[in-house]
């Protein structure tokens, strides 16, 4: 699909979104509906349509053909809406309790109609307020273990996988990730964004040849290792949760990539939240980091034993070893890019006072660099956490 809208594309409004829900038969025509645009992202409009009388709601998400923050001078493919709805449906085949149900999708209108999750909160916001989400890591570990196994070479016949990979060809959004995660933060690039007090530490990143070689190696893995269907943007802002329930959303960056990518991104975002905390308040994040890896290994291994193709059955140990090494490296890239790159996170940017924020951002750069440079030496998740704790003392 073109990067710009097709002739059938029409941008929804609150009134036309509500009318669409009725037209689809998701509400009765006599229902009294409210509709609010609630999206806080940069790439989509998100409408919450609600029938107060019957206490029933749904979400209508529409991709827009440009980045809101820039406007129409930065066109974006609306095919990402098809990618997102297809990924949610695929993920729902294996973990229906961990993703929103998709009720309807329209490729031309770039619309996905899905389950209302307004009873949950974005996990990043809750974590920043000190919530623990006791089931978060177990749920995400299960999500990773099942979704990453069942779309891989280890579970699928080669022809089936090739057809699936074609369906999830996602060049524009992969290019965004390549630039913002693996390239621009490691150069003195105009898109980078950081406090002037961090410049000497950013320059340390840019002048570290070993670190840049590591980032280039990880970029090559990201671009060339089409192991499985990955979410592509799995951070704490892409997860709704409460104390009991977890739902992974926003897989519009989905593509066939390395098993370790989603794992590394999620772990890095747990550690970014740990950097926003002090002392013993970090322990829940350490627990989540260990638990998500351990649960992933358990779930992935169980699926492997049950459903791995016979010709690949002997490869489990090597597959997990490579996934761990790459996840550590990808986590390092995520820590660095969220500190000095274009797209920041509130976990770091809302730390007060200012001097403390700068110190924590220095730590993020230091830890990220260590993970990239030493990913082959770190063999267990406890070693990853030990190196983090060694640097974060107060």
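Each residue, glycine too, has its Cβ placed from N, Cα and C.
Per Swiss-Prot, the features are:
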BINDING   44, 61, 115, 116, 117, 250, 251, 252  ATP binding site
BINDING   233, 337  substrate binding site
Integer Cα-Cα distance in angstrom, residue 250 (ATP binding site) to residue 233 (substrate binding site): 8
Cβ-Cβ neighbours of residue 233 (substrate binding site) (radius 10 Å): 20
Pairwise Cα distance for residue 115 (ATP binding site)/residue 233 (substrate binding site) [Å, integer]: 20
Pairwise Cα distance for residue 117 (ATP binding site)/residue 233 (substrate binding site) [Å, integer]: 19
Cα separation, residue 233 (substrate binding site) to residue 116 (ATP binding site) (Å, whole number): 21
Rounded Cα separation (Å) that holds between residue 337 (substrate binding site) and residue 252 (ATP binding site): 20
For residue 44 (ATP binding site), the number of other Cβ atoms found within 10 Å of its own Cβ: 19
Fewest Cβ neighbours within 10 Å, where candidates are the binding-site residues 61, 116, 250, 251, 337: 116
Length of the line joining the Cα atoms of residue 44 (ATP binding site) and residue 233 (substrate binding site), in Å: 15
List of residues, in chain order, with Cβ under 8 A from that of residue 252 (ATP binding site) and at least 6 apart: 43, 44, 63, 80, 81, 83, 84, 87, 173, 232, 233
